[in-house]
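Engineer: Just dropping this structure here.
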Amino acid sequence: MIQQKVLFISLVAVTLGLGLGLGLKESVQPQAQSWSCSKLRCGEKRIANVLCSCSDDCLEKKDCCTDYKSICKGETSWLKDKCASSGATQCPAGFEQSPLILFSMDGFRAGYLENWDSLMPNINKLKTCGTHAKYMRAVYPTKTFVNHYTIATGLYPESHGIIDNNIYDVNLNLNFSLSSSTARNPAWWGGQPIWHTATYQGLKAATYFWPGSEVKINGSYPTIFKNYNKSIPFEARVTEVLKWLDLPKAKRPDFLTLYIEEPDTTGHKYGPVSGEIIKALQMADRTLGMLMEGLKQRNLHNCVNLILLADHGMEEISCDRLEYMANYFNNVDFFMYEGPAPRIRSKNVPKDFYTFDSEGIVKNLTCRKPKQYFKAYLSKDLPKRLHYANNIRIDKVNLMVDQQWMAVRDKKFTRCKGGTHGYDNEFKSMQAIFLAHGPGFNEKNEVTSFENIEVYNLMCDLLKLKPAPNNGTHGSLNHLLKNPFYTPSPAKEQSSPLSCPFGPVPSPDVSGCKCSSITELEKVNQRLNLNNQAKTESEAHNLPYGRPQVLQNHSKYCLLHQAKYISAYSQDILMPLWSSYTIYRSTSTSVPPSASDCLRLDVRIPAAQSQTCSNYQPDLTITPGFLYPPNFNSSNFEQYDALITSNIVPMFKGFTRLWNYFHTTLIPKYARERNGLNVISGPIFDYNYDGHFDSYDTIKQHVNNTKIPIPTHYFVVLTSCENQINTPLNCLGPLKVLSFILPHRPDNSESCADTSPENLWVEERIQIHTARVRDVELLTGLNFYSGLKQPLPETLQLKTFLPIFVNPVN
């Protein structure tokens, strides 16, 4: 980072020096000067074909240059004004509701502003005076059309259909690209963009370029829109947006978009670390300054709500960092979308679309070399945090490429200089800016990062609209707003727990279970017979933030209380929906006992509703795993509380390597680092990979010869106190969360780990599969943190937080 900063400072000096020498200052360029006033132009006679006027009647004619008042009338510029106070909100007559401007600067990575805000005085003032996030997370793939349309709809790409800048749809038998006329076919564009939400509810919307806005989606366009033309100067775009705000009330738009291609165009050509990027950033900054000056000239600078954001970031690339498919296949006989987010499909479509050997391609790209700069996935196996599987347009073969690398067909590929984007949205280089200013937003406010799927709901709130269904979590950005329009309501539990009373000891012959080390079976079983006081104490210890609520209809389950853990045992799937426990910094672990050595039926569960040990035969690839690790108990005798069939779940033998190391090594490590953890874990069933829990009818279709359904994933939610002086049980302030959705697969080929020790790969693997608590909720039908006393919007912030583990390359 220090080297980067030194390089940039040098580039700044060179750039500014060249600027002075080569006449880059606007005051020297007649064309640039025509967009602004000067003392010489003040009071000028009207001239034909001038881009804006500095004549004495320009205010009356509404064609003044945006800086007319500051240059010709001696008023202070917006840039030199102090930040508006909370009492300074003002709108001129005729503006009963604040207009909303959504301004996108393409490819403006958050790191540009983090490091070089002093070079961008207008953007820096917006950041200082308004609300800003350290960064906004783009959706995957981090491409232009994908993210702009997600911002407009609040939908993941798999939901709105624009899954990349280049797409093939087998049902339409059409190809989509940015330059093709087919991109204007409404069949590509799903969801309800914000301009339609506005017009459907009586407002007017105007778009000066936005992907999708020139398409007749659902039979209509925005009230006003412009067909894309990249040759139109940025100043002309700003001028037109300001003219829209000058329209009579009956015609004036309430929602407006503005888009500029910089710094993306320059980033692609020269890369994100270059003197040219500095010029592009300063050009973008001047464009914002022109807009704010124009708003102030209309007394709208404290009336309009403005959101300034980007679609994605930018990463440096090199022709020395390419992975060639020709090095993995003798004959590259398939179609490949090349670059930082590659996909592979059949060349012969639609004929071979469904019969293409996607699994064979992934297998041939997995663990082929000691060091590969990509991982190959079937779309259904991609990290759930990406939400990139549930659409026929998403090809089944996907490559997740390392930072600064690209995967391509062969050496004919030449677009490998400068910069690009499209990578994993957790990479720091892909992070985008988010700034907001206006009477609707809090002042001088920095907020934690969030995902761009949340912006649609935020815009609806500012415009007092009811959002269309979307993937955002409504209310999670209320802390950005001065007076939140929407108040979220707590989820309502759909299925309450049943009773599973302590019963007689069943015959061991029923289960096939054995445990020769138990000499006093009745005494061991009586430990499961907790009285009400003991249950209350267990809940205080093991469920400090409330019991996970079941939002699935007609779910039959009961709560099982033990001293050191609590579980919700499902009679539908014959395993726990969840298990919850709390461990401390000092919790010690030992080698977990083998279930085949000691396991017995839970006397609280009728035999007909219980798993049996005979379900697990030695020749099967499935083995019983524990949700609550028995070795977390403090004595061998207490371990018997967990060596019961109600605590086991079916796991592939290969997966138990990851699961056991996670629980015996990593969870205790995290507990030491965070002064204790509350742990909730359980199974996930998502066979149709739509990101939502499967119905029980669907689950039953995937019962194999073990007679129990096999989960597609397992989740783990680790919660601690943000103030690590406190343990999870005495935490009065904000909470901190780490959550994971781990694919349940028969092998560990994702990590090329069949022979590697667990300490070399398990932690990296689980970090790849980090997730939001909200993702876990959607996949399980559970509602977490129901017992928190804090306002619900604060809980929603916690649920939508995504941990980041990726170390930046630059």
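Glycine is treated like the rest: Cβ placed from N, Cα and C.
Checked Swiss-Prot, it gives:
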ACT_SITE  Thr144  active site, AMP-threonine intermediate
BINDING   Asp106, Thr144, Asp311, His312  divalent metal cation 2 binding site
BINDING   Lys230, His268  AMP binding site
BINDING   Asp264, His268, His421  divalent metal cation 1 binding site
DISULFID  Cys37-Cys54  disulfide bond
DISULFID  Cys52-Cys65  disulfide bond
DISULFID  Cys52-Cys54  disulfide bond
DISULFID  Cys65-Cys72  disulfide bond
DISULFID  Cys83-Cys129  disulfide bond
DISULFID  Cys91-Cys303  disulfide bond
DISULFID  Cys319-Cys416  disulfide bond
DISULFID  Cys367-Cys752  disulfide bond
DISULFID  Cys500-Cys558  disulfide bond
DISULFID  Cys513-Cys613  disulfide bond
DISULFID  Cys515-Cys598  disulfide bond
DISULFID  Cys721-Cys731  disulfide bond
DOMAIN    33-77  domain 'SMB'
CARBOHYD  Asn175  N-linked glycosylation site
CARBOHYD  Asn218  N-linked glycosylation site
CARBOHYD  Asn229  N-linked glycosylation site
CARBOHYD  Asn364  N-linked glycosylation site
CARBOHYD  Asn471  N-linked glycosylation site
CARBOHYD  Asn553  N-linked glycosylation site
CARBOHYD  Asn633  N-linked glycosylation site
CARBOHYD  Asn704  N-linked glycosylation site
SIGNAL    1-23  signal peptide
Engineer: For the domain 'SMB' (33-77), what are the same-chain contacts with Cβ under 8 Å, counting residues 6+ beyond its ends?
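Structural biologist: Residues 26-27, 233, 235-236, 238-239, 242-243, 246, 290-291, 293-294, 296-297 contact the domain 'SMB' (33-77) from elsewhere in the chain.
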Engineer: Measuring C-alpha to C-alpha, could you say which of the recorded positions Cys37, Thr144, His421, Cys500 are within 10 Å of Cys52 (disulfide bond)?
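Structural biologist: Checking each Cα against Cys52 (disulfide bond), the hits are Cys37.
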Engineer: Counting distance between Cα atoms, which of the recorded positions His421, Asn471, Cys500, Cys613, Cys752 is nearest Asn364 (N-linked glycosylation site)?
Structural biologist: Cys752
Engineer: Let me make sure I understand the structure: which of the disulfide-bonded residues listed (Cys83, Cys731, Cys752) has the fewest other Cβ atoms within 10 A of its Cβ?
Structural biologist: Cys83
Engineer: Mind looking up the mean pLDDT for the domain 'SMB' (33-77) in the predicted model?
Structural biologist: 92
Engineer: Near the Cβ of Cys319 (disulfide bond), how many other Cβ atoms are there if near means within 10 Å?
Structural biologist: 12
Engineer: Round to the nearest Å and give the CA-to-CA distance linking His312 (divalent metal cation 2 binding site) with Cys598 (disulfide bond).
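Structural biologist: The Cα atom of His312 (divalent metal cation 2 binding site) is 53 Å away from the Cα atom of Cys598 (disulfide bond).
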Engineer: DSSP helix, strand and coil counts for the domain 'SMB' (33-77)?
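Structural biologist: Summed over the domain 'SMB' (33-77), the classes give 10 helix, 2 strand, 33 coil.
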Engineer: What is the separation, in Å, between the Cα atoms of Cys500 (disulfide bond) and Asp106 (divalent metal cation 2 binding site)?
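Structural biologist: Given the Cα positions, Cys500 (disulfide bond) is 58 Å from Asp106 (divalent metal cation 2 binding site).
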Engineer: Between C-alpha atoms, which of these recorded positions comes nearest to Cys65 (disulfide bond): Asp106, Thr144, Lys230, His268?
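Structural biologist: Considering only the listed recorded positions, the nearest one is Lys230.
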Engineer: Among the disulfide-bonded residues Cys37, Cys65, Cys72, Cys129, which residue has the largest number of other Cβ atoms within 10 Å of its own Cβ?
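Structural biologist: When each Cβ's neighbours within 10 Å are tallied, Cys65 leads.
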Engineer: Hey, which of the binding-site residues Lys230, His312 is the loneliest by Cβ count within 10 Å?
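Structural biologist: Minimum Cβ neighbour count within 10 Å, taken over the binding-site residues Lys230, His312, occurs at Lys230.
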Engineer: Could you state the CA-to-CA distance between His421 (divalent metal cation 1 binding site) and His268 (AMP binding site) to the nearest Å?
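Structural biologist: Checking the Cα atoms of His421 (divalent metal cation 1 binding site) and His268 (AMP binding site) gives a distance of 9 Å.
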Engineer: Measure from the Cα of Cys72 (disulfide bond) to the Cα of every one of the recorded positions Asp106, Asn218, Cys513, Cys515, then give the nearest.
Structural biologist: Asp106
